[in-house]
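For 99, the entry in Swiss-Prot reads N6-(pyridoxal phosphate)lysine, with the evidence type sequence analysis. According to Swiss-Prot, the feature substrate binding site maps to 281, 282, 283, 284, 285, 286, 287, 288, 289, 290, 291.
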């Protein structure tokens, strides 16, 4: 049998598919990250080892700001290429919706590198608006205000516009337009108004219902006409500068995007024909990320198009409609936060221990006085072959069910039950192995690999770090970061350390559809085994919750140059005291309560003075330590 190669691991985990140019495997069998073409490749295993020496423990979130920069440059370059190809005569504006990842270092990096591309920000709520208007954006950059708005929201936006910010208030509901008109008159400012249009077209994938007739936001055609009449009656026709639509996040099919663009372009044409000189078309989000690397429209975790194709269709559709009707090309706004941020963050955690289903020892023989069910099941296992495996499977299931029923009635003992279990799972393993080599195996055997998978218990919280995996079954690329020059000898699901049965990952990227287990290696004594989850830079940090009071993980910012990498910043994860404070437990009061209890216990002779001191020392140390296992 030939030796396992790096290329085999690349194919097994499809890293060349989802990793684009950022992720790969080096000659050591370690995952490497290459944020920039002219920069070095960062060895994740060596990075984790270095961070351990700095007392930065896993789980950790590693951010690569250079990848953010590259994503911005790539999107801008695609617009430049498409503009030249289709004779586009207006401007394009890349907008980052901060809801995708509101973490200050992420927003600041995007703004800092995006200034030369006129990159702007989008706020979808009042708190987000407070953050956005205080960020040092370029004077030509746009700020798009979406979401529901009250008087204080609108006043804040209008006054910021009065002081020089290029702010657009996008009307989601008719009552907002009336509120904007009243507030603008009071503040003596001519507002930049946008209107979100509810298209009949919708996206595809998990967020399909975000667009179309069932969408939460936007004005229907009838409501749009009402809004136009209102603006005309108030002498505010010139205030309508922008139309906006959104057909859903992570649109999997480019055809759906094309359909929506054609529909939206006609709104732009019709508004110009009615005397409303709209200058901007905000095509919203939807630009997807190929999480599984299949470039397939049938997978909700993939897309069947590239950034360049998305941009080409956006520009060509609007240019074509404008030219045919003799009107100016609109400035095009895109709100593609997921595509900008997903790739830049990697979650890394350690496997703590494993659990495997029991099996019969090949050298073990049954005693002459063993229960008849044990003897019968042993006979099935001992004579199992391909010709009789279906019958053997049925018989084994029947015997196991009978044994469990007898145990429940107190007829067979615990030792007999354990023997039945070991034999049953050994039979199941052998049948699965035989079936795996068949071209057409019986349907009954399809789920056996999933059933037999080991459980790898990992030091992280699914609810804190990968909420979309739990909430919407989002599939992320997951793989070990080391030993990739070795053939994996186990299959496993990943279990987190929360006290919740939902805290597990049982869907993984596969060369064929979705796998219910991941190929992994057996653990070695005194050698940490690390697993990484990739493309987690969009939504995961901000949506994570404190189930079981597991807080934010340690976070590390790593930059690269042509000579090496630099650990720019280490952000400590939350302590036990910090998460307890969130749920209104005062750490100081907790310590005082424990001190009183310990003093009382010492006086009553329940523990010694030394034991009391040791207990309090451990309590204080744990209180100000990491929420994860150390």
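A Cβ is built for glycine as well, from the same backbone N, Cα and C atoms used for every other residue.
Annotated features taken from Swiss-Prot, shown on the structure.
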| residue | record | contacts (Cβ under 8 Å, 6+ apart) |
| --- | --- | --- |
| 99 | N6-(pyridoxal phosphate)lysine | 122, 124, 125, 128, 337, 539, 542 |
| 281 | substrate binding site | 242, 243, 244, 264, 265, 268, 318, 330, 331, 332, 333 |
| 283 | substrate binding site | 245, 261, 264, 314, 332, 333, 334, 335 |
| 285 | substrate binding site | 97, 246, 248, 249, 334, 335, 336, 337, 338 |
| 287 | substrate binding site | 251, 307, 310, 334, 336, 338, 339 |
| 289 | substrate binding site | 250, 303, 338, 339, 342, 343, 535, 538 |
| 291 | substrate binding site | 18, 301, 302, 342, 474, 475, 476, 477, 509, 535 |
(request) In three-state terms from DSSP, label residue 99 (N6-(pyridoxal phosphate)lysine) for me. (result) helix
(request) Can you see whether DSSP assigns residue 281 (substrate binding site) to helix, strand or coil? (result) strand
